[in-house]
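Features reported for this protein in TrEMBL:
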COILED    201-263  coiled coil
DOMAIN    156-200  domain 'B box-type'
REGION    388-430  region 'Disordered'
REPEAT    439-482  repeat 'NHL'
REPEAT    488-529  repeat 'NHL'
REPEAT    530-571  repeat 'NHL'
REPEAT    575-618  repeat 'NHL'
REPEAT    622-665  repeat 'NHL'
REPEAT    666-709  repeat 'NHL'
């Protein structure tokens, strides 16, 4: 059944804006208002056709449920479809049976149902009376448009009681907060028998004022909500922009990696061709000499045999002297019978490590922090670098444990343990020690002078210098004992004098700087001014990490990849080599750094075996100390090591982010207090000429100097 369409545009506007139920899509019938102020029919009187094109058998699956009635034709080019009519009764059928609550179909706000259900919901008298006005005065076609009148002007008469037909509501029940007629207050079955009622006009202005106050308070929130909508929309826009930027950065980063891999492949292929050609040239030259000698012997032998078998006595005597000299010369001639080159030519790589690195390459940094609930804390509030953002985001303990697996980029939280008082009982320890403390820190992440990217080794000299291997920046930087920048040298490359991945660094008695280059697989020697002098270990070293100089001037190199220690003379001649991969006394698992004590004994940190091992100058095992753990004297992957004038051994405990001190026999003494500025993955460690400890704080991209009490 189709509903009557009002003729006037004004009436149609009022009808569509105020008088249509959003459930049945028709004019209200007995409109009920919910606590959220949305209005719906209690039950409709007009059944509209289904707004959807139905193809299923009855009943159709639309919501609300419809049943097919008569067929209808949509257009001549389409087949006949069935029209549908709804079976629901608006709120009566919308609310499940036995439900104690209802959810508004429009805003989904949940409310408690009255005890008597939907019929007990408040009537919307404004809608009811407005419909009565429109039915009584339909605004005939052609009437001039007029604004929507207020309720009192629209009705022109008092509101009638819904419970007593024709009775005017002129009283107000304060306990029930509702209007009513006189009959509602009288009679034996009146609902408001014991309630206080007052004339409606006496409370009207009071309630209108209260409602106006609430209206003003709610309306005042609109600017705040508008601002919030704008802010959240802007954050959403920025998030989309950040996503696009991150996507572009990911693409760019991996394109660069792919280009680097292709470039590396071409370099290796060129090196392979050049190496093979050089070897072949040597072998071909040797083959030429050997073949010429072979041909000379064969021709001489053939000539001599011909003379002996077929020549006359005179002919033999005539050539005897010449042939004898020729044969004697060939018999004595030295031929290069041993190969001048070998066939060794193979490609060595460790793709598994690279594959793991690629699998963990990159990360997405985000938080759920919002400005109004966030408090800024951390070192970045106290000191910063102009033009660079500051960030203090320490990892969780779980993350710290995970990062122990990656010594190149570990950021592990400092334990911040102080020395127990009982540590000062022996005669070697001071009775009233002053707490060790940070003197200064130098550097931040970057590529400029005084900035670092994954610094590794650190060393000192008697001339008051601090030398740092800036690994990912492919250079070495030199500072004074006070942390003042002095010089920087190093050019990235794989030729002699260039640096590819400097890790360990040491200074000899002449002030020359010895640099272990992990990726170039050799050790370079530079003058105090940074001029290249020589290299050593090429062809022998696989991955040099730590380097030191003993009292005889020998250069001691820890080969992290080969798990052994090399001892070279300054001219590059190999003196000794000891160690292999494993857990035994003369074996290592990823050794890192090395130091030499005043007895010329060699002290090596064994990273994955979580220990420190000590050998004599010839490489004979003496003792070891340490085990895996977090307690006193235990390690979680030791790295840097230094020895003081008393023979005490100072060890950087990478996984526990602390520095421990041991006596010359490996017994635990104390910690260096780094709590004021915690370490994050310390690497190299050394003692300055004025007695302070300097440590390469790799995770914080800086080095720090601490007061050290011997």
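Each residue, glycine too, has its Cβ placed from N, Cα and C.
Those TrEMBL annotations? Automatic predictions, nothing curated.
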Highest-contact recorded stretch vs the repeat 'NHL' (666-709), from 439-482, 488-529, 530-571, 575-618, CB pairs under 8 Å: 439-482
Residues of the parent chain within Cβ reach of the repeat 'NHL' (575-618), under 8 Å, 6 or more residues beyond its termini: 407, 457, 504, 545-552, 554, 556-560, 563-569, 624-629, 634-643, 645, 647, 649, 651-652, 654, 662, 664, 666, 683-685
Cβ contacts under 8 Å made by the repeat 'NHL' (488-529) with residues that lie 6+ beyond its boundaries: 449, 456-463, 465, 467-472, 474-478, 535-538, 541-549, 553, 555, 557-558, 560, 568, 570, 593-594, 684
